[in-house]
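Notes follow the structure.
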Amino acid sequence: MASNNTTQTAVVLFKDGYDMHLYGLDNGLFYYFHVTSIVCLTVSIICALYTIISSFRSHPDGFFTGWTKGERLAVYLSICDLLLSISLLMNHLHILITKTLFRPKELCSFFGFIMTEFVLAQILIVNVVAINVFTTMFFGKNFSFGKFDSGILLWSFGVPFIGALIAAILDKFGPVGIACFFDAINGRVAYLVLITIPITTIMVVNVLLYILTFIKIRIDVRAIRQHLGNMASTAGRHIRAARNMSMFVVAFFVQWSCLALSGVWIMFEDDTAEIPEGLKFILGIFTNLGGVLNLIVYLAVFRKTRSMPNIATSMEPRKPHTVSDNNKKPAQINSPV
């Protein structure tokens, strides 16, 4: 009887995420984790704001006037990181000050909804970049993002909104011990379907697409250099364009690889406490530095390209150039983005 009573008590005790202990209180890591997260999030917010403001100041004529695809994508990703960081910052500040999880549950669910929306939006945006570069280099097709980027915006923000809305209707959001996201008890399947599977799958797909893309670039460039000689710098611009856009994927991998790993870990563990402490800290650092990573991409690529018109223009689609074989000039190489 004692055994049965113990089992029944455990089931009742953990009916939702609010019945679980706050992370860090039992092992002395509470302040280290939340203070570190708050610092990272504050820096991320500042960097995201800088990227957005600097981008618009550099193009006073309007958002779609003279902007490359890459520059617009940097703004979209920075907006995602800004709103995501603000949401997480409020979570960590509340927990640090009160040492309690966010209440009421509706407010906690709202923050979980926001996190799901903008985490998935970033994942889908970067995946569109990877697919666009791949199809351009292999098939000569540079997909349009739609008028005023309506296509990529509907895909990247509309699909996550539908998924998050369904999760909210099914009451799958709630506390997870360190913040408000998917409920630690009732939201495990929703977390698997909406976060772990998409982010892991897209991460693998993105890496494969860029490996194949750079192989294709190398093959084309070697063939071109055999014919062009001193004019091979034209091919170099395409390499730089593809490499520039691949930095989005690198930043994506750095920011979200730990989240994917922890999600896979949870699939095989019944208790989130079984996740190694080191992984939790790395997760708390890199997932909170999205604004910093996007600023690095912005400074390394787009600020520099403004002073190098040939590279900047190569970030946009070019009309294919086809010349006769008699002149020994290359077949077309389309710009990847």
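Placed from the backbone N, Cα and C atoms, the Cβ positions cover glycine too.
Caution: TrEMBL annotation is automatic and unverified by curators.
In TrEMBL this protein carries:
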- 44-298: domain 'G-protein coupled receptors family 1 profile' (DOMAIN)
- 312-337: region 'Disordered' (REGION)
- 29-53: transmembrane segment (TRANSMEM)
- 73-90: transmembrane segment (TRANSMEM)
- 110-140: transmembrane segment (TRANSMEM)
- 152-170: transmembrane segment (TRANSMEM)
- 190-215: transmembrane segment (TRANSMEM)
- 247-268: transmembrane segment (TRANSMEM)
- 280-301: transmembrane segment (TRANSMEM)
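Contacts between the transmembrane segment (73-90) and the transmembrane segment (280-301): present, as 3 or more C-beta pairs lie under 8 angstroms, all at sequence separation of six or more. Just going by CB pairs under 8 A, the stretch in 29-53, 110-140, 152-170, 190-215, 280-301 that sits most against the transmembrane segment (247-268) is 190-215.
As a quick check, the transmembrane segment (280-301) and the transmembrane segment (152-170) miss the bar of 3 or more Cβ pairs under 8 A, pairs 6 or more apart, so the two do not touch. Sequence-remote contacts of a segment are chain residues at least 6 beyond its ends whose Cβ falls under 8 Å from one of its Cβ atoms, and for the transmembrane segment (29-53) they are 22-23, 74-75, 78-79, 81-82, 85-86, 88-89, 92-93, 95-96, 99, 178, 277, 280-281, 284-285, 288-292, 294-295, 298. This prediction places the mean pLDDT of the domain 'G-protein coupled receptors family 1 profile' (44-298) at 83.
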